[in-house]
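For reference, the structure discussed in these notes is given below.
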Amino acid sequence: MDSQPQSKKAARGADKTARNPIPIIPAPTERLPKPQWLRVRSPLSPEVDQLKKILRDAALHTVCEEASCPNLGECFGGGTATFMILGDICTRRCPFCDVAHGRPEAPDPLESVHLARTVASMKLRFVVITSVDRDDLRDGGARHFAEVISALREHCPELHVEILVPDFRGRVANALAAFRETPPDVFNHNLETVPRLYLQARPGADYHHSLQLLAAFKAQHPQIPTKSGLMLGLGEEIDEIRGVMRDLRQAGCELLTIGQYLAPSRHHLPVARFVPPEEFQQLQRDGMAMGFRHVASGPLVRSSYHAERSFHEIGGD
């Protein structure tokens with residue numbers, strides 16, 4: 001019998017994190033209980049089922065499903081989603097993330113058209129496009145992003161597009177060149193955590209490189225808002241988070257999301273603590289005082305949560 005390829009489930013769990021520079025010790029069966037403020041309703045509803053059917057018929061993936069987002073029920077129930085392009089297999093092993101690791105397939109040349117037609121059929125006004133890391137591609141997948149933006153604007157002229165990009169490690173010049181003629185309405189790249197925790201939480205990434213990516217895009221497109229996101233609960237100190245926020249402002253970043261980290265499984269990074277809503281509220285005030293144009297900070301906030309609202313609140317047309 002022929003051997004079967006590694007399953008997505010295996011690539012998500014212990015096999016994914018086993019080779020990280022800082023090993024993940026599986027958490028005990030009993031983990032920190034979720035506080036009441038983190039409890040969300042089940043994502044099972046007719047609206048959710050209908051949107052999943054539309055996505056499957058178009059052979060599309062959403063980060064809402066792949067990353068086990070706690071807001072899936074709310075977003076899908078409202079008929080919206082953040083679309084994930086370039087497949088659902090990542091070349092990185094970030095131990096906080098529930099997206100599968102492995103060897104991805106070649107990009108689908110028809111994906112941009114399929115996605116644009118799907119968005120048009122859903123009559124969406126604002127979409128977020130993200131992707132897995134594609135270290136196997138010369139430009140990290142940037143040209144594919146640009147093709148998707150072009151197709152979306154062709155099929156949906158009134159649509160606004162936010163992209164949430166990987167770090168394009170070692171490929172920044174090629175990546176930014178791809179967006180020169182086809183920039184998004186919002187450029188988002190998440191720093192995720194504080195520099196001290198990068199080796200543990202983002203092996204293969206570099207804090208200063210990510211800052212430089214945001215700064216370089218802003219230098220080329222000063223009129224386009226840049227955005228980043230942070231997770232709390234990995235063992236950081238609040239003053240470290242404030243330091244990252246100041247670094248982001250120096251890089252020209254204008255929009256910020258801050259949310260609670262939730263471990264996808266016992267094989268992922270454990271939650272060090274559940275941050276109370278009051279601390280998120282204080283960080284929101286701190287961020288606005290630093291000069292961010294919009295800060296979404298709360299336990300259930302994720303990078304693309306209410307992305308359309310933040311875009312319009314800062315004057316996006």
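Each Cβ is built from the backbone N, Cα and C atoms, and glycine gets one as well.
These numbers come from a predicted model, not from an experiment.
Database features (Swiss-Prot):
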type	residues	note
REGION	1-28	region 'Disordered'
BINDING	C64, C69, C75, S304	[4Fe-4S] cluster 1 binding site
DOMAIN	76-293	domain 'Radical SAM core'
BINDING	C90, C94, C97	[4Fe-4S] cluster 2 binding site
Integer average pLDDT (0 to 100) for the domain 'Radical SAM core' (76-293): 92
Look up C90 ([4Fe-4S] cluster 2 binding site) in the DSSP assignment and reduce it to helix, strand or coil. strand
Rounding to whole Å, the Cα atoms of C90 ([4Fe-4S] cluster 2 binding site) and S304 ([4Fe-4S] cluster 1 binding site) are apart by 19
Return only the integer: C-alpha distance in Å from C94 ([4Fe-4S] cluster 2 binding site) to S304 ([4Fe-4S] cluster 1 binding site). 19
Here the 10 Å Cβ neighbour count for S304 ([4Fe-4S] cluster 1 binding site) comes out at 29
